[in-house]
Amino acid sequence: MAIYQIVEIGSEVLREKAVPVKEITPNIAKLLDNMLDTLYDANGVGLAAPQVGVSKRVVVIDVGEGPLELINPVIIAKEGEDLDDEGCLSIPGITGQVARAAKVKVEALNRQGELQVIEGEGLLSRCLQHEIDHLEGILFVDKAKKTSRR
């Protein structure tokens, strides 16, 4: 296992649309393992592959309910609206108020290639949307109503 360096704002990979995973190989499994190690090392709740310099549609999340590993995630339903503060491991020292859906439903593959459906609200909903935005080259500061230094 390895801890990746987290890419910060200004890096091109954060602004690119990430490439879908066509086949779940041992390298994808290793990427998931190392991304989780990196997430925990950084005391984060979510991490997308572009944040570690890899343009793949891969996300790991742990909001305190155990790790979620998402390959090629897609938001299939949204409900309500919630305005709250967000931060990002790739934009240290900055927070911003971002409007997100209050609840989401996401489809993604797990590391075994099985389709899973994740329903989230609260922090999980916000984290799912934030990380999937990373896969589209979108950062929270692009959507923030206002930002401030921590």
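Each Cβ is built from the backbone N, Cα and C atoms, and glycine gets one as well.
Annotation comment: Swiss-Prot describes Cys88, His130, His134 as Fe cation binding site. For His130 (Fe cation binding site), the same-chain residues 6+ apart in sequence whose C-beta sits under 8 angstroms from its C-beta are Gly46, Glu86, Cys88, Val98, Arg100, Phe140.
In the three-state DSSP scheme, Glu131 (active site) falls into the helix class. Taken from Swiss-Prot, the feature active site covers Glu131, and the record attributes it to sequence analysis.
Every protein chain shown contributes to the tally, and the Cβ of Glu131 (active site) ends up with 25 other Cβ atoms within 10 Å.
According to DSSP, Cys88 (Fe cation binding site) is assigned to coil rather than to any helix or strand.
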